[in-house]
Amino acid sequence: MTSMESGGDGGKWLDAHYDPVAGLYTFSSCVDLADLSGDGENRLVVGDLGTGSSGMKLKVYRGTALMSENTLLDLPAGLVAFFMDLHEPRIPTTAVASGPCIYLYKNLRPYFKFTLPSLEVNTLEQDVWQQAREGQIDPLTLKEMLESIRKKADVPLSVRSLRFLSLETDGLDEFVQLHKQQPIRRQTVITCIDTLKKSTADEDGVSCLVVGTESSDVFILDSKAFIILSKMSLPAPPTMMDVTGQFDVEFRITVACRNGNIYILRRESDKPKYCVELPSHPVGLVRVGKNVLVGCTDESLQGFTQKGKKLWKIVLPAPITTMAPMDLPTRGFQGVLVGLANCEVHLYRDKNLLSTIKTPDVVTSICFGRYGREDGTLIMTTKGGGLMVKILKRTVVFDDRDSAPGPPLAQSIRLNVPKKTKLYVDQTLRERESGVAMHRAFQMDLSRVRLAAAKAYVKALESSLTPMSASLSEPLKMNAVVQGLGPSFKLTLHVQNTAACRPVMNLAISFLYDENLYRIRDPYMRIPLLVPGLIYPVGTFVDCTNDKGITDIIKVFVLHEGRSSPLLTAHINMPVSEGLALS
Amino acid sequence: MGLFDKLVGWLGLKKEVNVLCLGLDNSGKTTIINKLKPSNAQVQDIVPTIGFNIEKFKTSSLSFTVFDMSGQGRYRNLWEHYYKEGQAIIFVIDSADKLRMVVAKEELDTLLNHPDIKHRRIPILFFANKMDVRDALSSVKVSQLLCLDYIKDKPWHICATDALKGEGLQEGVDWLQGTTTDVHDSESVEHRD
């Protein structure tokens, strides 16, 4: 239990508890800490997703032990603990959002269920089902008509119709018989939930619930009477939310939406006030102080002001799995914890990496706060269902310096850049005035250069001036090596037949050179049969007859008997002869 | 026990010992000290200590002055200022709080490595408190989790206690009384040399 090594985090955390088989499958949105019994000891409340189709539970932990379990009817989308009234003793209520409903638990017992208002139903759809009920149309016609409504209607179809459309032909009749009597209803689904203090900023003040739905709305619910206090619309369904402020005074709701944008809603406006368009989809949204930190799918963490202005961006070593704020008011510390897919949890203050926690498994949910009687407790659950509790050491001091390898200090020293000269200013002006013409001239020259290069290349290929043979019947490759200091050089030509299996015969080598400068011992050589793949060295000696230090090019031709043009050509730049001719 | 000490005992002048009472918040330090006081001086309501309290009580041969320190995180940095004066330490552990056993161990390690404590043969009495709670750890388990076996250079003793009923406290105080007398004697011997 306590023997686990805390590697990599510089001994900042104490390993209080690790149960790898706790069977907790959850995300950060479904974890909260609250004093559920009013005895000053915070409990861990978890909405467990079970297998995703069964075994959904509301679990409460006290210390290292599971204290209570309540079965949930549907998958939890979010869980918050909040004060809904001022009754003594002050015991918070747990709200679990699943499907279109919010289930409230008080003293760990079901207490109240709130369902969001149903949405407007397509009248055409209603008519079609009406006809089906009266037996005027058969299920196949019904399916066709619903299909056509689905394609063009403004109001989307109900879940029942969509389900019907996805059925195989033999199941249609049964489905219609089973459902035709019930009226059509269209329900939205809650995607995220958070709390908003009603009128006071106190820790134990009464809160409202803020709910984001699949129908791209955000509702603020009064927790006493459960009426909708405010409704705001977004351009896309919200996925994550952060709420700050008080409902009666001023509040700000930062919402990450499924279209990859972040919208900022404020009091007295039912439309978003600011919008941040992200380069990739957000996976985590955390507010630290007045800034909003967003983790994206492109393995980056970005900071924005509360007006949506981008402050910074850092690249992370692995994809983000989850994010959570780390707020320690007693020490005035605020940061963000980022769970990564490489089994690490990073702690950032602004863009500075302060601590890296290595975990035995990928972390799927993080919650930091007061647990039991300890203020700085970090609770994490893992992909394999493990529960991990770490406690921040009392004596820990987080350095302001970034521990991540980053740009060196010297980079921020200002360079002594000389003043702008008149020439520079004139040039800049000229560039500004006739930028288009300059660009065209450049493009023209660039095209010419490309054309010239292409022409030269084609010519080289056509006249076999290259050391690679382009002909299909004799694919050859040659390179030449000159050895020696002079005046006598050894010239070795390596000839290779690059064909897959066909040998090449009847080849010869000849040279073209300035006879005043060089003398070649064998100016004409026959090459033996070339077996594919092997490299044949063919050597001869070149004597430099000039002692003035003049060099020239020797051209080597590989010829085929009976053909006038060479198969390939190599140009050899001869080195300067450093010795003196003997004769 | 020399003749002088016996004489002091007859005369009713008892030797004074300063004791520090340490431990995490909510471990039961104040409750323990309260139980050790004479029954007419005990208080009924125990509230979380702010800063520290000074309490005095007497046993058959010694007069204890106890510094009952607050265990809350923000007051724990006060502890080290009293290490110099302390002649014995009572360290109280909440045996039912398994989660924070690591925190208790961390605080104990910090205490043992403090320069004012490290090289002194100061006796430490551990109270594994809250034995009445249903799933409390045994005193053996507590001493394992705190790695008490590694304390070689100081006399220590662990008692399982229930401070609400006062069970186990007397055993601890008796040990402390005996050890403090011994340590004092040996120290005074050293001084004479």
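Glycine is no exception: its Cβ is also placed from the backbone N, Cα and C atoms.
Because TrEMBL annotations are produced automatically, they should be read as predictions rather than curated entries.
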Of B:Gly71, B:Gly73, B:Gly86, which one shares the GTP site with B:Gly23, B:Leu24, B:Asp25, B:Asn26, B:Ser27, B:Gly28, B:Lys29, B:Thr30, B:Asn129, B:Lys130, B:Met131, B:Asp132 in TrEMBL?
B:Gly71
If you count other Cβ atoms within 10 Å of each one's Cβ, which of the binding-site residues B:Asp25, B:Asp132 has the most?
B:Asp25
Subset of B:Gly23, B:Lys29, B:Thr30, B:Thr49, B:Lys130 (binding-site residues) with C-beta under 8 Å from chain A:
none
Which residues, sitting 6 or more apart from B:Thr49 (Mg(2+) binding site) on the same chain, put a CB under 8 Å from its CB?
B:Lys29, B:Thr30, B:Asp68, B:Met69, B:Ser70, B:Gly71
Hey, which of the binding-site residues B:Lys29, B:Lys130 is the loneliest by Cβ count within 10 Å?
B:Lys130
Which three-state DSSP class does B:Gly23 (GTP binding site) fall into?
strand
Residues with Cβ closer than 8 Å to the Cβ of B:Ser27 (GTP binding site), same chain and 6+ apart in sequence?
B:Gly71, B:Val92, B:Ile93, B:Asp94, B:Asp97, B:Ala104, B:Asn129, B:Lys130
Based on DSSP, name the secondary structure state of B:Lys29 (GTP binding site): helix, strand or coil.
helix
Quick one: give me the count of other CB atoms within 10 A of the CB of B:Gly23 (GTP binding site).
24
For the binding-site residues B:Thr30, B:Gly71, which Cβ has the most other Cβ atoms within 10 Å, all shown protein chains included?
B:Gly71
